[in-house]
Amino acid sequence: MRLIFRGKLIRICKRRILAYGKGALDDVKKEQPIGVFDSGLGGISVLRELVSLLPKEDFIYFGDAAHAPYGERTEREIRALTTAQIDRMAAEGVKAVVLACNTATSAACAPLRRRYRQIPIIGMEPALKPAILSGEKPRVVVMATHATLRQKKFARLMERFKDAGEIVKLPCPEIVEFVERGEIRSAALHEYLEERFLSVSQKPIDCVVLGCTHFPFVRDAIQDVVGQAVQIFDGAAGTARELKRRLLEADALRESGQKGAIEWLSSSSDPNYIERAKMLYEL
């Protein structure tokens, strides 16, 4: 996989948005890149799963670090920011978009699907189902941002599984900032996690669901705090499988034998941001 790292998004390619369907554009469509969007660096945890499952595809990754963190913004702000960046990706001619951000998915996925009916938009969902199905009435802690946990989308997900186990919400917004700084193994992070889990440790925890794409980067630190017996789940692999299914369904899966490339775009002006992105991708 070739890595093409750039700083700010300074151009918009004037490629046509390709509609799915049979016709002369089908072969061109297969060669178009896949857009991956996050508020910052967290979506790289999803990107790694996408590359692992779809190594021949080209990806454009956009991290909107200039407006991060999204988790403390209003739903309206999140929707507007996400839509603006997906508009840019659509102008780049992407054949599919992955919202590699639980917060952006909750606020913007449905309206984006209405806006871009010709482009598959794949969102994130906390891996609550596999966690609930992992045992008999398990006690499941869902770690996420405030924005994800207060959305109607998550409330519906909780309602669906409420009788199958105990579901406990645990907002951990500061983890996003730890990861954005590249701080994934520090004593300060460990102390923060211990403090957060104190509020939900009155009874044993069976599973932890990572409801933010930044959180897999601190998975080891979380495991140290909750103990090795606790299972940890995240939704990245399921998102990758869903993308592949949608591409196959649309006859848009790239068939060439050459490995694809990743182009990194960011709204950040921090000169060290690209290096942190490379570090997280190569973990």
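Backbone N, Cα and C atoms are what each Cβ position is placed from, and that goes for glycine too.
Feature annotation from TrEMBL assigns active site, proton donor/acceptor to C101, C212. Marked as substrate binding site by TrEMBL: D38, S39, Y70, G71, N102, T103, T213, H214.
Location within the structure of each feature annotated in TrEMBL.
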residue	record	Cβ contacts under 8 Å, 6 or more apart
D38	substrate binding site	I44, V46, Y61, F62, G63, D64, A100, C101, A104, T213
S39	substrate binding site	G63, D64, A65, H67, A68, P69, Y70, G71, L81, C101, T103, A104, V176
N102	substrate binding site	M124, E125, P126, A144, T145, T148, G211, C212, T213, G235
H214	substrate binding site	G40, L41, G42, S45, I175, V176, V179, E180
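Under DSSP, C101 (active site, proton donor/acceptor) is assigned to coil, being neither helix nor strand in the three-state scheme. Neighbour density for Y70 (substrate binding site): within 10 A of its CB lie 28 other CB atoms from the protein chains shown.
Apart from the site residues D38, S39, Y70, G71, N102, T103, T213, H214, the chain places the Cβ of G40, G42, G43, A68, P69, C101, A104, T145, T148, V176, C212 no farther than 8 Å from the centroid of the site's Cβ atoms, the recorded substrate location. Max Cα-Cα distance over the annotated substrate binders (D38, S39, Y70, G71, N102, T103, T213, H214) is 12 Å. D38 (substrate binding site) falls within a strand segment according to DSSP. In three-state terms derived from DSSP, Y70 (substrate binding site) belongs to a helical segment.
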